Ligand SMILES: [Ca+2]
Ligand SMILES: [Ca+2]
Ligand SMILES: [Ca+2]
Ligand SMILES: [Ca+2]
């Protein structure tokens with residue numbers, strides 16, 4: 001593979017994906033161990049050949065690796081290092097800054113309320129993001145872009161994106177959704193919890209009911225931190241219909257199965 005991209009040439013979203021797969025030899029979703037060693041060696045070599053210094057991001061990454069060779073690089077980290085023509089990770093993060101904004105967007109673009117973002121819905125989402133960022137694009141580009149997003153994020157290849165798959169786009173510190181993956185329950189337990197915390201039996205959980213639920217969850221589940229309670233609450237409430245969080249909406253975050 002030509003090394004132009006390591007020297008700073010701009011690459012397209014699909015080339016970017018190829019590069020990731022090129023280095024992730026065993027295909028486990030991370031460039032790590034020998035793979036990472038190889039990546040860093042080729043990166044340093046290519047930059048030197050082109051008479052270029054490492055960029056600040058590259059240097060920071062290499063320094064971290066030198067301190068701790070257990071470092072794993074996932075696709076969002078590679079996106080920070082390699083400049084892409086349309087760096088959708090950085091671009092997405094400029095537009096969707098917090099978990100609450102992400103949930104709001106989720107609610108809006110899951111137009112058929114299936115609990116998933118399907119191809120057409122993702123296309124609408126990307127199209128709006130591009131417009132907001134005042135980028136020019138045509139139908140072809142939008143289709144490529146959508147297809148690439150699916151290749152990257154549809155981990156279980158079912159042709160639709162669930163909340164947890166898309167949540168990989170969020171920065172680590174904002175990304176409590178990944179923590180909630182470890183808290184999810186089966187349908188029976190989820191329904192029991194929903195009924196228990198829907199104290200007034202209105203059929204939805206309001207903000208206070210949700211707060212009580214999350215407080216108790218923080219006590220039982222070590223991965224959740226009580227200091228983040230209001231962040232969790234605000235983000236999950238962003239999925240609600242004007243403060244009414246119905247069963248199917250809460251299930252997106254707390255239930256491991258489809259209702
Ligand atoms: Ca790997
Ligand atoms: Ca949908
Ligand atoms: Ca999927
Ligand atoms: Ca209620």
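From the backbone N, Cα and C atoms, a Cβ is placed for every residue, glycine too.
Record features (TrEMBL):
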type	residues	note
DOMAIN	11-46	domain 'EF-hand'
DOMAIN	97-132	domain 'EF-hand'
DOMAIN	141-176	domain 'EF-hand'
DOMAIN	185-220	domain 'EF-hand'
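Taking Cβ pairs closer than 8 Å, the domain 'EF-hand' (185-220) reaches residues 226, 229, 232-233, 236-237, 240-241, 243-247, 250-251, 254-257, 259 in its own chain, all 6 or more past its ends. The helix, strand and coil residue counts that DSSP assigns across the domain 'EF-hand' (185-220) are 25 helix, 3 strand, 8 coil.
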